[in-house]
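Worksheet: the structure to be examined is printed underneath.
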Amino acid sequence: MKISKVLSLSILAVSLWACGGGQQNTESTSSETSTVAESAAAPAAEEPKGKQLIAQSDCLGCHKEQQKLVGPSYADVAAKYEATPENITMLAGKIINGGQGNWGEVPMSAHPQISQADAEEMVKYILTIKK
């Protein structure tokens, strides 16, 4: 029983660590890095804003488009929720405030640094993903 508790707490701690943080160093160290970033920006502009925002966040540490990791896949979220204004607002709130219980025992960490508008763009993109 004690080993089970320790194991459960260890798994929870690793899960939270994997989903937390997400702070990236965006400082360029050379003009070459700047040139590479500029050339990569052109194709990225074609991607939906929500997809770009997800790529810049720590979301992909816990979620993938088609497979479950720590949290549900984006395709599973899209299958469960219709793209209504109410669902978009509710799911954006889950991104910002975190949550637990909708997809199992592991809680989703809060991301208060993400604005409501950006979270809604992320949700709009997620809800377009199909299996």
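Each residue, glycine too, has its Cβ placed from N, Cα and C.
Fair warning: this is a prediction, and the values are worked out from it, not measured in the lab.
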Need one residue: from Met90, Met108, the one TrEMBL lists with Cys59, His63 for heme c.
Met108
What are the DSSP helix/strand/coil residue counts across the domain 'Cytochrome c' (45-130)?
42 helix, 4 strand, 40 coil
Have a look around Met108 (heme c binding site) and count the other CB atoms within 10 A of its CB, chains all included.
23
Relative to the Cβ position of Cys59 (heme c binding site), how many further Cβ atoms are located within 10 Å?
21
Sequence gap of 6 or more, Cβ distance under 8 Å: name the residues on the same chain that satisfy this around His63 (heme c binding site), in order along the sequence.
Leu69, Val70, Gly71, Pro72, Ser73, Tyr74
